[in-house]
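Remarks on the structure that follows.
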Amino acid sequence: MLTIFPFLEWMCMYRLKDWLLGDLLAGISVGLVQVPQGLTLSLLARQLIPPLNIAYAAFCSSVIYVIFGSCHQMSIGSFFLVSALLINVLKISPLNNGHLVMGSFLKDEFSAPSYLMGYNKSLSVVATTTFLTGIIQLIMGVLGLGFIATYLPESAMSAYLAAVALHIMLSQLTCIFGIMISFHAGPISFFYDIINYCVALPKANSTSILLFLTVVVALRINKCIRISFNQYPIEFPMELFLIIGFTVIGNKITMATETSQTLIDMIPYSFLFPVTPDFSVLPKIILQAISLSLVSSFLLVFLGKKIASLHNYSVNSNQDLIAIGLCNVVSSFFRSCVFTGAVARTIIQDKSGGRQQFASLVGAGVMLLLMVKMGHFFYALPNAVLAGIILSNVVPYLETISNLPSLWRQDQYDCALWMMTFSSSIFLGLDIGLIISVVSAFFITSVRSHRAKILLLGQIPNTNIYRSVNDYREIITIPGVKIFQCCSSITFVNVYYLKHKLLKEVGMVRVPLKEEEIFSLFNSSDTSLQGEKICRCFCNCDDLEPLPRILYTERFENKLDPDASSVNLIHCSHFESVNTSQTASEDQVPYTVSSMSQKNQGQQYEEVEKVWLPNNSSRNSSPGLPDVAESQGRRSLIPYSDASLLPSVHTIILDFSMVHYVDSQGLVVLRQICNAFRNANILILIAGCHSSLFCTGITLPDHITKCQQLSLNSLSRLPSFHLQHIF
């Protein structure tokens, strides 16, 4: 119940004494700002919608979002960038030979019956588009498609909101300079509008510029004024006083500046009664409705997540999609345009001390009351004052541009995604930019998962701590053992990169099997497999598991000598002293490996490990393998020989402590890798494997708990541990 109706939760937890004043001031400020914004919407959206229709639709939408919405500071209403996308819809039924689309409104032509019929047709198209947009958003919310927003990182949302802020600033230049230009729609429209502004700049109104600068300076000074009410800081409601003050001055004094009076006088109707949309035009507006639904939905979700992160709470994206879908369905009956989260008013509501959706409810009531009873009083408010209020509140969203150098140093992938999202939203528009942002995020995520981070670990001298060999200069490695740490899940995307990394570090290459060898694998019998003897030492070690029958299509060979196999050492013992070695079997030859460790105060510490190689090659070599054990055993008799200090790799350890998922394809390739390395006499062991990975089909021995609990801190005593491989 609380998920479907989030308002029940905040109503029960509402702090009346602490939050009431802030919500009242924020609601009144938002309501006063929404009145002139609704009056100037027709100028920016290129659609002469009656102001009262916009007011009633905004009021109903605000009430719906208060009931179903999850963002506490969100203000729902018309947003000119979303409404500007309706220009492509208006081309279906061009009004007055394109004068409405190009921005040249001619009131005298409303007397013509054909013009009035075209005007009604355009309103019907807008209403149907809004209705279809709401239906699509409802379907997205019911199907749970809001999860897509969770895959977009913070950098993508910040870049998109920064591009939105720039589009808002560009649109307000009309009100700042008091000039009219022909807005463009589609790709590169941002730069076309800049060129049109530069051409029309000589006709700028100096009074509008002066009023704009006055408002900006007043709001800048207001940033230093704070009101504390019950230990909750509230920003002084300067927007409230600016709107009321300049509205009174505009009604008393005639100022040579642009107002909404001229635009309102051109609208033939003051109010149109609600009607059902015209469903006959649905096939013509499907693509435009999909574009509008995506832009308005993700703008609402991005803005909600941004505001929620500032106040340490979370929003439900699916619930917000359902809420905004209901808002657009209801507003379509009033022949209004598509509604979404109003960026400027949401920021004003947040900065003015709004804590819950009660502020939105107050703002909607104030807006409707003023539009019905005192709407004509705000006709004299200069548009430059409203532009100054809007720009002062959206400028903070551009601060992320100055943080690009630090973002590049922190994460180059996120910085690239930021620049790609921002540039595409500016050059190609918000609709195409949003699609490119989502695709880029998925692409970068795939690239990062493909380039999984795999570290080669070594031991810090005189400790049982293992770290990356690239991070520490004094790292030493266990002779004949390679330790790899996988820092991400293993999937079909990166498992082949893991395979390439293992082969590169071990110094081997993969050689595809011939058809005869593959055929012999299929026809090999169980008796022949049981007859094969695995080379092992004569110490007290547990028996190895039988070789798994896993098909493979390649074998691994050394790069320098393809005919030579790895040293035939799989399990061995670790002896602590020289005396212990004297009790060993006579068939074993000691092989000493010395590694120089860290120098400390002029002293050298030396770690000596003794492992044992088989002396009898006929007993310790498996059938079909080259006879190299004898030569290696004879070479080990040379004391302190340089060649003896470089043992071959006989064991690979995979640290899976950071791996939480292995898909089916990754599991198959891992099995093939283990089998191919085993045939090259290299044993692969897995440490730190989480129990959840065992559900993917890995066959385990009975004593798997020991394998699970084995940590990398015990690798220095690896030969004396009973560590079994699981493949």
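Using N, Cα and C of the backbone, Cβ positions are placed for all residues, glycine too.
Listed in Swiss-Prot:
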- 96-130: topological domain 'Extracellular' (TOPO_DOM)
- N120: N-linked glycosylation site (CARBOHYD)
- 182-198: topological domain 'Extracellular' (TOPO_DOM)
- 257-283: topological domain 'Extracellular' (TOPO_DOM)
- 446-727: topological domain 'Extracellular' (TOPO_DOM)
- 471-722: domain 'STAS' (DOMAIN)
- 592-727: region 'Interaction with RACGAP1' (REGION)
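With a threshold of 8 Å between CB atoms, the same-chain residues lying at least 6 positions outside the topological domain 'Extracellular' (257-283) that come near it are 36, 39-40, 42-43, 48-53, 92, 105, 107, 110, 116, 119, 123-125, 127-128, 130-132, 175, 178, 205, 207-208, 211, 250, 332-335, 378-384. Counted with DSSP, the topological domain 'Extracellular' (182-198) comes out as 10 helix, 0 strand, 7 coil. Around N120 (N-linked glycosylation site), there are no C-beta neighbours below 8 angstroms that are at least 6 residues distant in the chain.
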